[in-house]
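This report concerns only the one structure given below.
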Amino acid sequence: MLLRFTKMHGLGNDFMVLDLVSQHAHIQPKHAKQWGDRHTGIGFDQLLIVEAPNNPEVDFRYRIFNADGSEVEQCGNGARCFARFVLDKRLTAKKRIRVETKGGIIELDVQNDGQVCVDMGPPRFIPAEIPFVADEQALNYPLEVDGELHSIAAVSMGNPHAVLRVDDIRTAPVHGLGPKIENHPRFPQRVNAGFLQVIDRHRANLRVWERGAGETQACGTGACAAAVAAISQGWMDSPVSLDLPGGRLNIEWAGPGTSVLMTGPAVRVYEGQVRL
């Protein structure tokens with residue numbers, strides 16, 4: 001059978017988006033891995049699936065597969081594209097929608113200027129909820145990699161993140177250290193690794209090594225986690241403007257117990273069909 005899909009991106013973080021509300025198919029990890037290959041498939045960072053909800057209090061179910069076939073809890077850049085997609089495809093007439101993910105319920109708001117604001121919910125810091133192996137909760141944790149200690153913040157935005165502060169984003173060891181942090185045994189479900197260079201109280205640069213995808217042009221949940229870590233430790237104040245390789249995201253967070261708001265673009269690239 002042929003499935004219709006849309007290729008989209010949020011700041012260069014690119015997605016294949018499938019509507020499984022009006023189409024019906026059983027998507028398996030092997031399909032994501034096959035389609036995600038940039039040489040022999042469609043090529044993407046993540047596959048986003050739109051489904052009818054299980055929960056009557058939400059509008060849609062939102063599933064995410066990495067290009068390596070692993071299903072993950074959350075994707076912030078994908079959430080913005082998800083909101084744009086369901087509106088463009090007339091699956092809803094609402095500009096503000098609620099969707100369920102493996103990481104919890106999030107709210108998406110398509111603004112008049114085309115930007116999308118995502119209410120990502122409150123960050124989580126309790127190690128067992130990230131999950132991260134630690135004796136007690138702290139703002140910073142020493143993490144040993146190849147005999148060297150690195151200071152990290154550990155945060156969940158519905159998916160796990162480690163945030164490291166660096167002096168210069170251009171020389172940050174994203175490709176050397178990133179995969180080692182991703183697969184560190186203290187993160188039992190693996191982790192996304194963010195490398196943050198603070199410019200001033202409201203501006204910073206960020207690169208993210210994403211779990212199951214490698215370095216991407218942008219990572220929405222990574223931007224949220226980095227902003228939360230920086231505000232928590234007194235390095236920055238809300239609102240935070242983060243420049244990633246693919247462009248800029250704006251993050252607001254009022255402090256513990258409150259939701260993180262992320263605003264950025266969502267762009268449709270092309271429509272296609274793929275054989276299942």
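Note: Cβ is positioned from N, Cα and C throughout, glycine not excepted.
Take the CB of Cys75 (active site, proton donor) and look out to 10 A: across all protein chains shown you find 32 other CB atoms. Look at Swiss-Prot and you will find Cys75 tagged as active site, proton donor.
Its Cβ placed at the centre, Cys219 (active site, proton acceptor) has 36 other Cβ atoms within 10 Å. What Swiss-Prot records for Cys219 is active site, proton acceptor.
Taken from Swiss-Prot, the feature substrate binding site applies to Asn13, Gln46, Asn66, Gly76, Asn77, Asn159, Asn192, Glu210, Arg211, Gly220, Thr221. The Cβ of Thr221 (substrate binding site) has Gln74, Cys75, Gly76, Met120, Met157, Gly158, Asn159, His161, Asn192 as same-chain neighbours under 8 Å, each 6 or more residues away in sequence. Following the DSSP three-state reduction, the secondary structure of Thr221 (substrate binding site) is helix.
Every protein chain shown contributes to the tally, and the Cβ of Tyr270 (site 'Important for dimerization') ends up with 8 other Cβ atoms within 10 Å. Feature annotation from Swiss-Prot assigns site 'Important for dimerization' to Tyr270.
Other residues of the chain with a Cβ within 8 Å of the Cβ centroid of Asn13, Gln46, Asn66, Gly76, Asn77, Asn159, Asn192, Glu210, Arg211, Gly220, Thr221, the substrate site, are Asp45, Ile64, Val72, Gln74, Cys75, Gly78, Val208, Ala213, Thr216, Cys219, Gly222. For Asn13 (substrate binding site), other Cβ atoms within 10 Å of its Cβ number 30. Fewest other C-beta atoms within 10 angstroms, among the binding-site residues Asn66, Asn77, Asn192, are seen around Asn66. Around Arg211 (substrate binding site), the same-chain residues at least 6 positions away in sequence with a Cβ under 8 Å from its Cβ are Asn66, Ser70, Val72, Asn159, Pro160, Glu182, Arg190, Val191, Asn192.
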